[in-house]
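What follows is a short report on a single structure.
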Amino acid sequence: MTPAAHLSAAIEVLQLIGERRRPAQDVLKEWGVAHRFAGSKDRAQIASLVFDSLRKRASAAFVMGDESPRAILIGALREARGLSLASVASLFSGEGHAPAPLSEEERARYEGATLSNAPAHVQGDYPEWIASRLEAALGDQAAAEGAALAQRAPVDLRVNILKATRDEAQKKLAHLHPEPTLLSPLGLRIKPGADGRGPALSAEPAFVKGLVETQDEGSQLAALVCAAAPGEQILDLCAGGGGKTLALAAQTHNRGQIYAHDSDGRRLAPIFARLERAGARNVQVRAPRGGADVLADLEGRCDLVLIDAPCTGAGTWRRHPDAKWRLAAGAIALRLEEQSELLKEATRYVKTGGRIAYVTCSVLLEENENQIDAFLTAHPNFKALSAEETATRANLPELARFASRHGFGLRFSPFTAGTDGFFVSLMQRAV
Ligand SMILES: C[S@@+](CC[C@H](N)C(=O)[O-])C[C@H]1O[C@@H](n2cnc3c(N)ncnc32)[C@H](O)[C@@H]1O
């Protein structure tokens, strides 16, 4: 396929995403199955165009004065890729499988339209209905934070200290030019390629042998501030695919016991191979078994209960740009209920003096500080740790500057920390 044919295909996929209201990744997969002539490199180019368009959907439509898939793609070529009008015009030639030539109006808008008078939700590329919620959490930084969430994300790796130091892993991956992350002492960052793609890590010996795992720097920090110590009894209540479990296993140097649980057994499926690869030997996976109480023996025994809570994912829009357009107010309400239930459930397992770590990958106040406030009011036998104390206990005192100004917890975000948006708060059970 030619680069111009990739554009036509991306317009078609954007149209399908709009009609089907399904995750972009699923629609791209279906499109690939229905168009067997497209090879893997073509599909990757098309996906990259689609994701850039979704990241910049609002600003691209504003620039072009039109919300059609074609207009959004054209606007995104300017907003996300900075292409010149001449380059775009040469691709939109109307020949072969290329999209129809640019109209006079499209040309004029591409060259002349500006975002300077656009409202915050357009400048920040998020849905208008969520603007007030983002402003409540982020104040006058909402548009800047939205714009940072509309950038392509780098590939972040967490070095597995059970197998290598950061220097060793960096040397083994030197051909990918990884740079040490600025905040996580365990992170390596690889810039995305010009087409937005990361490297094929699953074929890298350093990955296959478990020296590194993919994990956003914000997620690494959330795990690090849990300050898990060797010998502790730890429950990872929402372990999913095990991203945080693996980080905790490394932190504890394989000493003590980590119990990895998730209410959805299918989500746990990848954890077994990942634990094996990482050489993590202190993890017991506690998958659900019908209605059995699979965590009953942990009642009142845990030094640390991690709640990596189900959330809107409003901090991960760099990686899942379609999620911001599919998010609905009803989904937020559901997540809020699940989160407060999980906080309540966690109290069952924490021992006296033990701690709950509450984590989300959301930037919304309701899912973060407000949940902590409500929990502390309902559970006076718990006290929240200050940001300073949290950062000091984790031996990362410089993280105290990420203290939330809304309540107890630390906030990391693309704009303030160069990470995905993460919130983490620690609460200790009174002795
Ligand atoms: C943010 S994801 C976890 C990501 C994972 N910890 C990681 O680092 O890769 C949230 C998880 O919570 C799980 N979950 C939702 N409600 C739950 C509940 N009541 N009890 C336990 N797990 C739950 C979901 O199935 C989902 O896998």
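Cβ atoms are placed via backbone N, Cα and C, with glycine included.
Positions annotated as domain 'SAM-dependent MTase RsmB/NOP-type' by TrEMBL: 145-430. TrEMBL lists D262, D308 with the feature S-adenosyl-L-methionine binding site. If you look up TrEMBL, you'll see C361 marked as active site, nucleophile.
A separation of roughly 17 Å, to the nearest angstrom, links the Cα atoms of the residue listed as 'active site, nucleophile' and D262 (S-adenosyl-L-methionine binding site). Secondary structure from DSSP puts D308 (S-adenosyl-L-methionine binding site) in a beta strand. All protein chains considered, the CB of D308 (S-adenosyl-L-methionine binding site) has 26 other CB atoms within 10 Å.
Counting every protein chain shown, the Cβ of D262 (S-adenosyl-L-methionine binding site) has 24 other Cβ atoms within 10 Å. Within 10 Å of the C-beta atom of C361 (active site, nucleophile) sit 26 other C-beta atoms, taking all shown protein chains into account.
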